[in-house]
């Protein structure tokens, strides 16, 4: 809700940029709650921190810098969708929009932390997802009736809109959310949040293939920086796990939540 209102008050560009703060918020909250430990003298900790910051910076470059076109779309100009410019947003409450978008990023980061705490005592992904979807339907149902009062809004048509609704419900909300919770259970919230900037790279690639969008220099530079930071953080994570296994869990690197949960070993496997 905060995200949609924030974009309406500001612009989609600011909305995309603020979502890149999710890894930073997740990392800070995890440190405050002692789910992650920082050893500034450890190479693995340094690699993980620098990699996370690099991915965030690359995402901002990807979003804020367009640059000259380097690869034209193979689709004819008539197929390319018309989009209004986002660098010159309409007169609106930009400060309020930025605050709401930052609040959404913080809430999403906090959701990863809460999932890790819940999975620590109750590591059953499907049951957790059932309750999440159940209460989500209860909260969103009345709000939908209030916001969409026109009867035409509730009529389903067999067009691209119906396909997008089904895709969002089945793939994104159900499968994607369940996969995200499972990944939090296996690796911890900070590691999962590192993948957020990669979504921008996939979005531009799919837009180039299916929507006829032009690939610009800023997108290429941002994608390279994101991938470099991502692999640096993953390398630091792998070294951290090696130290944890060698030291019997007493390593001084960034300890992920998954390393502190004996439930993964003491209880029978569950989905």
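First residue shown is number 1, and so on along the chain.
Backbone N, Cα and C define each Cβ position, glycine as well.
As annotated by TrEMBL, transmembrane segment applies to 13-35, 47-65, 94-118, 130-148, 160-183, 190-211, 217-235. Positions annotated as domain 'EamA' by TrEMBL: 97-234. Annotation comment: TrEMBL describes 243-271 as region 'Disordered'. The feature compositional bias 'Polar residues' is assigned by TrEMBL to 254-271.
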Do at least three C-beta pairs under 8 angstroms join the transmembrane segment (13-35) to the transmembrane segment (94-118), pairs 6 or more apart in sequence?
yes
Chain residues in Cβ proximity to the transmembrane segment (217-235) (below 8 Å; excluding those fewer than six residues from its ends, i.e. six or more beyond):
47-48, 50-70, 194-195, 197-198, 200-201, 204
Decide whether the stretches the transmembrane segment (47-65) and the transmembrane segment (190-211) have at least 3 CB pairs under 8 angstroms, with pairs required to be 6 or more apart in sequence.
yes
Could you tell me the mean pLDDT the prediction assigns to the domain 'EamA' (97-234)?
84
